[in-house]
Each structure stands twice: as C-alpha cells, then as structure tokens.
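Annotated features, as they stand in TrEMBL:
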TRANSMEM  79-105  transmembrane segment
TRANSMEM  117-139  transmembrane segment
TRANSMEM  172-193  transmembrane segment
TRANSMEM  200-222  transmembrane segment
TRANSMEM  242-262  transmembrane segment
TRANSMEM  282-306  transmembrane segment
TRANSMEM  326-347  transmembrane segment
TRANSMEM  368-391  transmembrane segment
TRANSMEM  397-416  transmembrane segment
TRANSMEM  437-458  transmembrane segment
TRANSMEM  478-496  transmembrane segment
Amino acid sequence: MAQSGVLVDFFKPSRWALEREETTFANNGWSNKDMDPVPLRLRTWTTWNYISYWISDATNLAVWELASSMLAIGLSWRQALPCIAVAYAIISVVMVLTGTIGARLHVAFPVLNRSSFGFWFSYFTVFSRVLLSMFWFGIQTYNGSQCVYQMLKAIWPSIARMPNQLPVSANITSSGFLCYFLYWLIQLPFLFVTPHKIRWLFFAKGVLTPIAWLAMIIWAFVKVPASQGLFSQHAAIEGSNFSWAWLSAMNSALGIYASLSVNIPDFTRYAKNERAQYIQPFIIPIAFTLCSFVGIAVTSAGIQLYGEVLWNPLLLIDRWDNRAAAFFASFVFALTTIGTNISANSLGAGNDMTALCPKYINIRRGQILCAIIGGWALCPWEILANATGFLSFMNGYTIFLGPFAGIMVTDFYLVHKGCVDVPAMYDPSGRYRYTGGFNWRAVLAMIVTVAPTLPGLINAINPAIKIGYATHLFDIAWMYGFIVASLVYYVASYFFPAHDTFVDGLISADHVLPIDKQYDEDRKSPIETMQSGTEGRG
C-alpha cells in the first residue's frame with residue numbers, strides 16, 4: 001500500500017509543479033523564472049560571443065550537406081555559391097531585426113510574439129516552433145550518430161562488419177541505431193548548461209572546428225587539384241529548370257536558419273546591449289558562405305575520387321584509410337553538432353515549452369522533453385535518406401516561418417514603431433488580447449500567404465499529385481511568405497489599427513522592476529544599477 005501511495009503521488013500534477021520563485025511576473029501564473037525578462041546580471045553576451053556563436057554554427061553538418069546537395073541536384077559550384085551567399089545575406093538582415101527586439105526588451109520569442117499575434121494566437125507560432133525544434137533535434141542527433149560511428153570505426157574497424165538486423169526499408173542499420181543511442185546519451189548532460197553560460201561552448205567550437213574544416217579543404221585540393229575537380233564541374237541543368245532549381249536551393253538555404261531568425265531573441269535577450277548583436281549581418285554571410293565553399297570543394301573532390309556525390313561529409317570520411325584523421329574529423333563534427341543541437345534546437349524548444357506550460361516546465365525540463373520526443377518519436381534517418389528529401393524538408397516548413405518573421409518585424413518597427421508594453425505581454429487580459437486573444441490582422445496575413453503554397457507542399461510530400469506551375473510558388477515559399485505577410489499585415493493595421501495596443505513609448509521590464517531586484521551579484525548601488533540599465537537598453 002505504501003508503494004502504491006508513492007506511485008500515485010509521483011504522478012500527481014502538484015508533484016511536478018515548479019517551485020515558486022521570486023520573479024517579476026510569475027505571480028499571475030503566466031510566467032516563471034526562465035520566462036521573465038533577463039535581469040541585468042545575466043545580460044552577459046558581447047559582440048565576440050555572437051561572432052563565435054555564428055562561426056561555430058556555420059561549421060555544422062547541415063550547412064555542409066545543404067551546399068553539397070546542391071551539386072547533387074545539378075547545380076555547379078559557380079551557381080551554388082552565389083545562391084548560398086544571397087540567402088544568408090537575406091536571413092542575416094532578418095536575424096538582426098528580430099534579434100534587436102530581444103536585445104531591447106530582454107524577453108524570449110514566445111513572450112514578445114504576443115504583441116503582434118495576440119496572446120492566444122501566439123501559441124500557434126510557439127507550438128509550431130516546438131515541432132520544428134524537435135525535428136531539427138532529431139536530425140542533428142542523427143548527424144552526430146554518424147560521427148560516433150566513424151570514431152568507433154577508427155578505433156575498432158570491426159564495427160563495420162556488425163550484423164544488421166534491420167530491413168533495408170528502415171534506412172538505418174543496427175550499428176547506426178546503436179551509435180544514434182550512444183550520441184543521444186553523450187549530448188544529454190549538455191542540456192543542463194544554462195543559456196547565459198552556453199556561450200563558452202560556442203567559443204570552443206569556434207576555435208576547434210575551423211581547424212578541421214581547413215584541413216579537409218587542403219586535403220581536397222592536394223588529392224584533386226582545383227583544375228581537375230572544383231573548376232571542372234559544370235551544371236547538369238539549364239534554362240527554366242536551372243532558374244527554379246536555383247531559387248528552390250536558395251529557399252532551402254533560407255530554411256536552415258529561418259527558424260532561428262524567428263526565435264533569435266531567445267539568445268539576444270542575454271546581450272549586454274543592442275549593439276552587441278549588430279555584428280550578425282556581417283558575420284553570417286561571410287562565415288556561412290566560406291563554410292559552404294568548403295563543403296562544395298570537398299564534395300567536388302569526392303566526385304573525382306569516388307565517382308559519386310557524397311553530399312554527407314561523414315560518408316566521405318568513411319572512405320578514408322587514415323584512421324587518426326577520420327577520428328579527429330569525426331570528433332570535431334560531433335562537437336559542433338552538439339553545440340548546434342543545443343543552441344538552435346533544444347534551447348529553443350525549452351523556451352517555447354516554458355511558455356506553453358510555465359507552471360510545470362522551465363527551460364531545462366523543456367530541453368529534456370525535446371531530447372526524448374524529438375530524439376525518438378521522429379525518424380531523422382528517413383528525412384536524410386537522400387538529397388531530394390532533405391531539400392523538400394527544408395522547403396516544407398518555410399511556408400510558416402517566412403510569415404512569422406514578416407509579421408514580427410512589421411509589427412514592431414512599422415506598426416508600433418518600437419513602442420510596446422512588456423508587462424502587458426504577460427497578461428492574457430491586457431492590451432495584447434486583441435479580439436479574444438487573436439490579432440485578426442496576423443491571422444489574415446497567415447491565411448493569405450500560407451494557403452497558396454500548400455499545393456506545393458502537398459506535391460513535395462507526394463510527387464504523384466500533379467499541381468502544375470503552383471509548385472514554383474512553393475520553391476520561393478520563405479521569400480513569398482515574408483514579403484506578402486508583411487504587406488498584408490501592414491495594410492490591415494494601417495486601415496484598421498488596434499488602438500488599445502498603442503503606447504506613447506517603450507514600457508520595458510526595467511521600468512517596473514523594483515530597484516533592489518536590479519542589484520547584480522556584486523551588490524551595486526541603485527545609481528550604478530540604473531546607469532547599467534540605461535546602457536543595456538542601447
């Protein structure tokens with residue numbers, strides 16, 4: 001009976017309720033410590049932290065795979081590289097626009113989004129982000145498992161002869177499944193690193209990973225001179241097919257970080273001031289274009305050496321005879337994948353799930369749920385089974401992310417002109433309730449932009465369903481969604497303004513926090529604290 005009572009108590013909701021902590025907005029039940037505006041003492045991210053963040057993120061497997069898969073669909077490196085540069089230049093501008101919102105308000109994406117979508121409709125964007133984060137978590141975990149396989153193979157080559165008990169249709173082998181489980185366990189402890197301290201992981205990645213990538217491109221040019229490999233590679237498609245393939249590939253490049261362009265405030269809210277994250281439009285295009293060039297160059301060398309497009313670098317490493325080089329390269333890829341998976345996926349999911357259920361879920365619990373659901377319920381090895389499937393997946397979810405970003409940017413900068421009420425974002429009955437918790441202007445913008453691209457998404461999922469030229473709109477889904485949603489939202493807000501949401505100036509959390517709560521760990525004086533707060537608001 002005693003054991004039964006303990007079991008019943010274990011499953012009681014009250015057993016899992018978060019301990020109530022002294023926070024600014026938690027008393028109304030719609031926040032917790034992790035959802036509150038970031039206090040001054042935790043605003044620690046500098047410009048160098050954002051530089052190391054993006055350098056470390058640029059050197060991840062997804063960036064390499066996307067650039068290489070462009071060769072697989074028939075583009076040459078001369079066509080693929082400008083496509084990548086343009087895409088990352090576009091996304092970097094959106095990144096700094098949405099990032100500035102987080103740096104100025106010091107709140108996470110799930111909270112600030114309420115001012116544009118409405119308190120309740122914002123949960124649609126948050127839930128969408130949770131699903132995307134889980135998908136990406138699974139994909140990156142699968143990438144990391146391939147790194148583990150190559151590391152084990154470098155130490156014990158016999159793993160390559162491990163009997164496979166799974167069918168070919170599973171798209172994964174027994175040894176691959178084992179490595180997937182091992183990598184999932186390896187990255188699990190990193191989920192407990194707090195957001196304001198994770199910047200040190202990015203620094204370590206930013207130092208070690210470029211060394212490995214530089215070594216790989218040197219290897220490629222030594223093995224296959226550029227005149228015989230990279231420079232001799234030509235496009236396999238032409239005419240209108242080339243044009244749409246180029247636009248589709250650019251949309252896929254946008255898709256890789258379209259999700260982060262929406263929730264980058266989850267990281268910029270930790271910035272010391274707004275200026276700290278202004279480096280993004282400069283570092284993103286440069287870092288990602290250079291890293292994509294490495295992927296393209298090494299893949300081109302692989303074509304000459306092995307006679308096929310090995311768009312996944314781990315497949316290339318699998319062909320190496322030098323076991324030490326294979327281990328080092330795989331180890332570095334594993335490290336960068338861990339950092340990317342945590343920063344771009346599990347932390348995003350943790351923030352989003354915290355908003356969905358602040359009484360029971362904080363960022364740490366949200367990350368664990370992401371690791372369990374995203375790591376196992378989804379099947380990333382199916383998505384990554386071939387290059388076409390990978391590009392289709394990238395294109396698929398951008399039909400939502402483009403409109404999300406467009407509405408956020410338009411509302412903050414053009415409609416409300418930066419004058420928002422942060423405390424009201426935590427009140428379901430406050431000024432951002434709009435009509436029943438829904439901002440119908442945002443709903444209209446979403447319907448107008450998403451509906452025309454749905455036929456293309458259906459065709460991407462099932463190519464047997466022919467929809468004619470409608471597929472071309474899907475090929476530019478993110479760009480179409482961002483531009484059209486921005487225009488529709490602005491026009492609707494201009495002619496039918498939501499008067500109750502307008503304030504004369506920015507009402508930030510710093511304006512309502514008691515002075516004693518703004519003391520940092522060194523117990524500054526109130527005057528010093530107020531001065532720091534002024535600097536932090538840029």
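Our numbering is plain: 1 for the first residue shown, then up by one each step along the chain.
Positions of Cβ are set from backbone N, Cα and C atoms, glycine also.
TrEMBL does not curate its annotations; it predicts them automatically.
By the Cβ criterion (under 8 Å, sequence separation of 6 or more), the transmembrane segment (79-105) is in contact with the transmembrane segment (282-306), since 3+ such pairs are found.
Count of Cβ pairs under 8 Å against the transmembrane segment (437-458): among 117-139, 282-306, 326-347, the largest is for 117-139. When Cβ distances are compared across the two stretches, the transmembrane segment (117-139) makes contact with the transmembrane segment (326-347), since 3 or more pairs at least 6 residues apart fall below 8 angstroms.
Counting residues 6+ beyond its ends, the transmembrane segment (478-496) has Cβ neighbours under 8 Å at 90, 94, 251, 254-255, 258, 398-403, 405-407, 409-411, 414-415, 440-442, 444-446, 448-450, 452-453 in the same chain. When Cβ-Cβ distances below 8 Å are used as the criterion, the transmembrane segment (326-347) is approached by residues 53, 56-57, 59-62, 133-134, 136-137, 140-141, 143-144, 147-148, 150-151, 153-155, 183, 186-187, 190-191, 193, 195, 198, 201-202, 204-205, 208-209, 211-212, 215-216, 259-260, 266-267, 313-314, 317-318, 320, 363, 366-367, 370-371, 374 of the same chain, each at least six residues removed from its ends.
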